Structures are given as structure tokens and as C-alpha cells.
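Feature list (source: Swiss-Prot):
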BINDING   Cys559, Cys568  [4Fe-4S] cluster binding site
BINDING   His654  chlorophyll a B1 binding site
BINDING   Met662, Tyr670  chlorophyll a B3 binding site
BINDING   Trp671  phylloquinone binding site
TRANSMEM  46-69  transmembrane segment
TRANSMEM  135-158  transmembrane segment
TRANSMEM  175-199  transmembrane segment
TRANSMEM  273-291  transmembrane segment
TRANSMEM  330-353  transmembrane segment
TRANSMEM  369-395  transmembrane segment
TRANSMEM  417-439  transmembrane segment
TRANSMEM  517-535  transmembrane segment
TRANSMEM  575-596  transmembrane segment
TRANSMEM  643-665  transmembrane segment
TRANSMEM  707-727  transmembrane segment
Amino acid sequence: MALRFPRFSQGLAQDPTTRRIWFGIATAHDFESHDDITEERLYQNIFASHFGQLAIIFLWTSGNLFHVAWQGNFESWVQDPLHVRPIAHAIWDPHFGQPAVEAFTRGGALGPVNIAYSGVYQWWYTIGLRTNEDLYSGALFLLFLSAISLIAGWLHLQPKWKPSVSWFKNAESRLNHHLSGLFGVSPLAWTGHLVHVAIPGSRGEYVRWNNFLDVLPHPQGLGPLFTGQWNLYAQNPDSSSHLFGTSQGAGTAILTLLGGFHPQTQSLWLTDMAHHHLAIAFIFLVAGHMYRTNFGIGHSIKDLLDAHIPPGGRLGRGHKGLYDTINNSLHFQLGLALASLGVITSLVAQHMYSLPAYAFIAQDFTTQAALYTHHQYIAGFIMTGAFAHGAIFFIRDYNPEQNQDNVLARMLDHKEAIISHLSWASLFLGFHTLGLYVHNDVMLAFGTPEKQILIEPIFAQWIQSAHGKTSYGFDVLLSSTSGPAFNAGRSIWLPGWLNAINENTNSLFLTIGPGDFLVHHAIALGLHTTTLILVKGALDARGSKLMPDKKDFGYSFPCDGPGRGGTCDISAWDAFYLAVFWMLNTIGWVTFYWHWKHITLWQGNVSQFNESSTYLMGWLRDYLWLNSSQLINGYNPFGMNSLSVWAWMFLFGHLVWATGFMFLISWRGYWQELIETLAWAHERTPLANLIRWRDKPVALSIVQARLVGLAHFSVGYIFTYAAFLIASTSGKFG
């Protein structure tokens, strides 16, 4: 009996119903709530699990390299990146007979394969990989790192190698090592790789371990570094006629500031990127020596925070007390980390398409669309998670005595003002944006499109002009040839930048108009409403006027019975749950906007977006309906084609999504009655009644059913859009 699942909770293990299984799974990672947990074991478990996480990541990336080397067409793709379709891996067992085999045999393969829309081919090519052997050795190296990570994780669970709590709470040492080691040495090493391997590779030189020490990355070697003539490293860059991967038109520079894109690959100059990474490395190596550890020099973070008291008195005691609050709360730290990572992931989405770093990726339209959408959805989940852990911090870790009148306490003190302002902003954005869209819909329906309300985004256009975009006719900053900013950069990076920003074939500073203005505000509505729900959930997590003792009920509770009247739906978990729907909704609008604008750009008919995006029917008809035709035609009486799998996934995604509502709309009582009826039938059916269960079947709790519903809604929503996106883009552009 003692070994029943879950072993971490004897109370749950003795539960006679199926609740034991579901609650066991739900709390498996909530180490804080486990029996016999101590602060020391909590920190050590989390630390060891990080190594397991790393092992999984290394194994997964190793698998990418291995399968492309084994079943892909990397070597033939390298010969002609623009016309050969990159293969991700083979399809072992194509169903649906000969038509399926023919439909999926492409990219020069002998049998059915999947095409890669992840951009790994472009990435590996840019960083200097050229042969299948290179890919295999990369896969082996990552496999080795994966094994090392597993060993390290196991090692740090052994008594002798378990770090103490004081080691985990040594913030200065951790910051120094992460800043210098992670963000300093890593970019420095990457600069080294770019300079020694990738840049020579882009100029037709094949540098590997066997000739690594013989090939000079720069004709003058380290001379300019030691004599202080660093500008020599920037002289003689690749010419605009350079053919990537060959010596034709190649220069000798290794660290440049050219600006703009390589004309052939439409990606940032490798020498610019090497320079960028060197600068980042320098900054963080310095930053990693700022905090006081063994030698009594440098800053103490506690002293810094305690000194942050604005003299005006309008922020009370400022940051006093924050050091211990943050350093003793894993949820606070996780919230900060997730907030940062979420923002960075969204920035990755924005920059991967506008400033592509990998050779030829800008011309692989389906990959561009897939990467943008992927990173925006990931960012959404990570950002909502930040607020979830912020709320858990307020419930489990926040100590009012330690934080009297500091910025954290003052956030709680004026939460009504914060929440009501967010509410006002959301209402304003929602009603005005919908009002404009609906007005325009009605005008088109009545045949008077000239009566639409179309607002030019003049402030955004002015900002684009300030960065050098000339098409709007604003004579300002970098688009004004007489300004000091223009003249200062003219000799170095500006020509490349101006050329790129005014070139209409890339995605840098796209021309915007009334359709962009409207969808921008629709997205702003989604962002503000999501933020409102999340912020309210965190700030009301400890208590509210309606339920002052809320923190005593924990992070997720369904209600406090009928007696209090109206305590359903107000736990911090419920706020997270509602916010995820809004987050998905908002990112839907973001990705619709990005995809439609780019489809029209790539097809050369931007007027379709400009004319149809100003009213809702335009979005429904000319984006969603028009582009789903490939999916609806994925299989027909004439047999299969290569889009059939996406057509099936589109249907399957809708099915998963719709299943979510089964959990979201009907509550416990309905399911409990149904379960009891089914159990009755089971016990009275011959043969079936030979199978017994140890746990009495009961319905999911309200909170659990919501989680299951939300999971199906989210997964179905993303599956459906992924199939739509890839099929509609690859169906047009291959």
C-alpha cells in the first residue's frame, strides 16, 4: 500500500477514488507541496532537473542533425539553396497507397519525405557546415553533451555533490558567472567560430580541425589587434557581387559595420554579425565583474537595492526589502525569468524575418512564416506563465512585514487604479476599433466603399521615416540628407542600411496604411485585455474586497461554496486560465496580420491587403477563406497530393479544438452522473465485469476539467492554424 502513486503525498496515495491519479499528476512538479520537502531538497531537486532538461535539448538537436545527415539532402541543397527543397526526414510508412508515395517523393529523394520548414538548413549552411559528415559529427558531439548532462544531473543528487542552500542564494556569484560565462564567453566563442570557420566558409575556404591552425582568418593575423590598428579588420569587406560560399567577389575583412543585407543571400553580412557578437561579449565580460564576491570589491546587490529610494518620496521606501524577497522566492525569480524570456522570444520572431541572419532564409517563404508563428505562440505561453508564477509568489512567498511601503507593497496598495486604467484602455481600444471595422463593413455592404473611415498611421510612418524610409516624403532625421545623423553614418553603415530599408523586396520597415492602423489597434486591444486579466489575477491573488482571505485558499480553488455568494472564478489560477484564451486570440490576430501582409508582398499584390484589410469581411473572405482553399482541396475524387497531410491536420485540429468545449461547457455533475451510469453498466456486463478497478471512478474537479479543456482548445487552435499556414504558403510558393 505504501508504494501507491503518488509517493510524494501519502494523503493522496490513500485516496480511494481516481482523484488520486489526476491530482497526483497535477502536483508531481509542485515540489513545495510534497511530503518531507525541505528548502534544501527543493533547491537541489530543481537544480538537478535542469541537467535533465539540458540532456533532452541536446538529444533533440542531435536528432535533427542526425536525421538530416541520414535521410536529408543537405549536400545537394548546398549546391543550389534557392531551388532544391530541404528534406527534414523520410516517411517510413506512407499510408493511402501509391498516390501518397508519389505525392511525398520530392526534393530529389528516392522515397516519400517531409520537407523542412524549420530553417535548419539555412542555419547550418551559414555557420559553415557543408557535408553530411559535418552533420554527423555535430550530432555525435551533441549526443556526448547530452550524456554529460545526464551524468551531471545524477552526480548533483549524490550526497557529496549536493550544493547547499547558501550556494543557491549567493546572488552575486551567480550573476557574475552567468553574465561573464553565459553571456560573455559564449558570444566570444561564437565570434571565434564565425571568424575562423563561418566567414572563411562563406568565401569558399573549408576550415576544419585538420587545417584550423594553418588557415589565417585575416591576412595580417593578430598584428592589428596588438598594434591597436583595429580598423584594418574592417577593410576590404565582401563586395556586393560576392557569391556566398565561393571566393568570387569575396573580401578579407572579418569585423565590419556595413549595414543592410548581402545582395545575393538577402541576409545580414556575416562580418557584421561577428562584430556584433564581439561587442556583446565585451559588454557582458565587463558586466560579469561588477558584483562583490570573494575580494571585497564591486557592488553588493542588497546595498544597491536598499539605496534605491527616490528622493521625491513618491515611491515610498523604493526598493528596500526587495533583495530578500526576490532571493528567497523561487516563484518571483521564475516570474522574472519567464517575463524576460517571453519578451526575448517575441523579439526573435520579429527580428528573424525583418533582419534575417541566415543565408537564403528570406527567400524560403514557408519557413519564414512557420518560424514567425512558432516564436510568437511560444512567447505567448511563456509570458502568461510569468504572471502565473507572479501570482503564486504573492500567495506563497510574499511577506508584508518585509516589504512595508516599498515598490512591491505600493503596487498592491494602488491596484484598483492599475486595474481600472487597464480596463479603461481595453474598453476604449475594443469599442473604437470594432466600431471602425464594422462601419467599414457596412459601407462596403451598401456599395459605398468611399465612405469608409480610413486613418493613415502618420506617427508610425514618421518613425519609419526617421530611420531612413523615404517613400512617405517626411524630411526627417535619417531620411533628411542634410541632417548631422545622416552625414555621420554616411561613410560606414548608412548606405547599406538605407539601401535595405528602401528596398521593397525585404520585410524591413514594411509600408503601412489604414489597414495596418486598424489591425494594430485590434492587436493592442488583445494585448491590453490579456494584460488586464493577468495583472488583476496577480494583484488580487492575496485577497480582494469580495474575498479578503483569498490567499488562505491557495492558487487554484473553484469557489468557497454557495454561502459566500460569487466566489467562483476568482482564484489566481482562473485569471491565468482566462488570460490564455485572450493570449491565443491576440496571437491569432498577430499571425493573421503578418501572414496576409507577407503573402501579398511575396506575390506582388500588396494592394489586396491594403484594400481588403480595412473591414472584417475582407479578412474573412480574402485571407481566411481564400487561403484555406488548398486545405479544402487536400484530397478530392482525383486522389491525394502533397497538401493532403495538412488538410487532414486542419480537420484534426478542429476536432481537438472542439473537444475542448466538452470540458469547458459541461461541469462536474453531468459527468459524475454519466460515470456512475457507465460503472453500473460495466458491473452488469458479462466478461467486462471481470475487470475491476481499485479506484472508484469520479469526475474531474472543476479546476482540472478547465485545464483539460484549455489544453485541448490551445493544442487544437495551434494545430489548425499551423496546417493552414504551411499549406497555404507552401501551396503558393513551394
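Placed from the backbone N, Cα and C atoms, the Cβ positions cover glycine too.
Closest to the residue listed as 'phylloquinone binding site' by Cα-Cα distance, out of the binding-site residues Cys559, His654, Met662, is Met662. Cys559 ([4Fe-4S] cluster binding site) carries neither a helix nor a strand DSSP state and counts as coil. Same-chain residues lying 6+ beyond the ends of the transmembrane segment (330-353) with a Cβ under 8 Å from its Cβ atoms: 42-43, 46, 361-362, 368, 371-376, 378-380, 382-383, 385-387, 389-390, 392-393, 396-397, 507, 594, 598. Using the rule of three or more Cβ pairs under 8 Å, pairs at least 6 apart in sequence, the transmembrane segment (273-291) is not in contact with the transmembrane segment (369-395). Two recorded stretches are said to be in contact when at least 3 C-beta pairs lie under 8 angstroms, sequence spacing 6 or more; the transmembrane segment (575-596) and the transmembrane segment (369-395) meet this definition. Non-local neighbourhood of His654 (chlorophyll a B1 binding site): Gly716, Thr720, each in the same chain, at least six residues away, with C-beta under 8 Å from its C-beta. The transmembrane segment (643-665) makes contact with the transmembrane segment (707-727), as judged by at least three Cβ pairs under 8 Å among residues 6 or more apart in sequence. If you look at the transmembrane segment (517-535), the same-chain residues 6 or more away from its ends with a CB under 8 A from one of its CBs are 384, 387, 418-419, 422-423, 425-426, 429-430, 432-433, 436-437, 455-457, 460, 575-576, 578-579, 582-583, 585-586, 589-590, 593, 613-614. Rounded to a whole number, the C-alpha distance linking Tyr670 (chlorophyll a B3 binding site) with Cys568 ([4Fe-4S] cluster binding site) is 18 angstrom.
Annotated pair Cys559 ([4Fe-4S] cluster binding site) and Met662 (chlorophyll a B3 binding site), C-alpha to C-alpha distance, rounded: 21 Å. With respect to their backbone Cα atoms, Met662 (chlorophyll a B3 binding site) and Cys568 ([4Fe-4S] cluster binding site) stand 20 Å from each other.
Fewest other C-beta atoms within 10 angstroms, among the binding-site residues Tyr670, Trp671, are seen around Tyr670. Of the ranges 46-69, 135-158, 369-395, 417-439, the one with the most Cβ pairs under 8 Å to the transmembrane segment (707-727) is 369-395. In this view, the densest Cβ surroundings among the binding-site residues Cys559, Met662 belong to Cys559, judged by other Cβ atoms lying within 10 Å.
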